[in-house]
């Protein structure tokens, strides 16, 4: 295999440490980035034992990393101020894994023009092409969407762009820092000889008649689960491509016939967890057009040993809804298991039923909350400037209440989080420090490994004195707010004024069927065994891979 000399013979399991000056928010985001590498590749990270070669994640000046393995006893990788975003973290770790900037490819002049006169003096070296003697394209085409590509104004002295794409439609695409692109992941997998990823388990969109190895079982229902392109009364198309191609299908279970209590099941193939963490997340989209008393239940059948060949069923969730909506079910299988989707007919009359599409299963944690906003583009462009849309009141696993706030500004929007009073406030410890809330605008690509979502993480660190009251008890430091027939105390909101523009919103599949979806998680200080720390004294200089 054609490999860059700097990564030749490197294992896909990389030891690392956190340098003691690493910020809490950065630590959490680095751990999130590791999960993305595990989801999309065979590259894994482990806490350093006695290895000579390891990555030392530090808070130095700026965002930087050497390309490939360059030193023993801790190779520094800097996640400095304003670098704590998952796309930037992935960018730097991809460098450490041996991949150069996209615009450094030796064939880049066929795809971009470097405007040397606009580059700040002293930074010209960042735009030098890398010789094919020291790098490789691995046969992949030029990727304008790569997380390793500079933006059009990178290192500009303010007199115009430093990079102009030969294809104008990509001029505003280059420099994205959402996540690694699908081709970034493919290149990483080819570079390290990956046959499969670490945490990904299953994807199914039902476009193939084999149904991804799923089987159907009915009890009294006529017909059972059926593969459909459209259904009278809805849904009128699948969710994968919204009916734009001839091979778009979903699974439908009609509840118009049958008796109360009749059931029909759709069973996945048997799967065996491979990670020690014993967590899985089942994601899918569903559509409910039947009677409100009809039920869609998710079961997990666990096969513990040969003495119980039929396994043990565990009820994991019950679902209702009236349009294509995302749903996440956390699982905790330690042995071989199956997932079963069961429709149970209720007491009332029905003219519809349940539909499901775009199933993804991975050995990762599920988000704590899912917030879907309908008809978002119209809401954004027609609302008064600074209109605020609030999420429902959510609770962290510890019982702290909070809300997400979306500030609408016509052509862009901001995302904030605020603590609000809740039912457990008098039982909790205050102030609410050392937690991290992650708000992800989901790229609704049907395949979880192809997604490039937009997310921010905000940490309630006590060192942020200006925000101190934002993390104290809302009943003591907040303001009373009346919303309809409800009154509660709210703290000042903390977040980002410019989260995404309307143009960026349309780039990926953030808007799908007119709707957007936020995934929200509130976590404490990393208890992950991967999170270990090291104190060393380093003396490093800026290098060509800065940024």
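Just so it is clear, glycine is given a Cβ too, placed from its N, Cα and C backbone atoms.
Curation does not apply to TrEMBL; its annotations are automatic.
Listed in TrEMBL for this protein:
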DOMAIN    1-195  domain 'Peptidase M12A'
BINDING   91, 95, 101  Zn(2+) binding site
ACT_SITE  92  active site
DOMAIN    202-368  domain 'MAM'
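The DSSP secondary structure for residue 95 (Zn(2+) binding site) is helix.
Over all protein chains present, the Cβ of residue 92 (active site) has 25 other Cβ atoms lying within 10 Å. A distance of 10 Å separates the Cα atom of residue 92 (active site) from that of residue 101 (Zn(2+) binding site).
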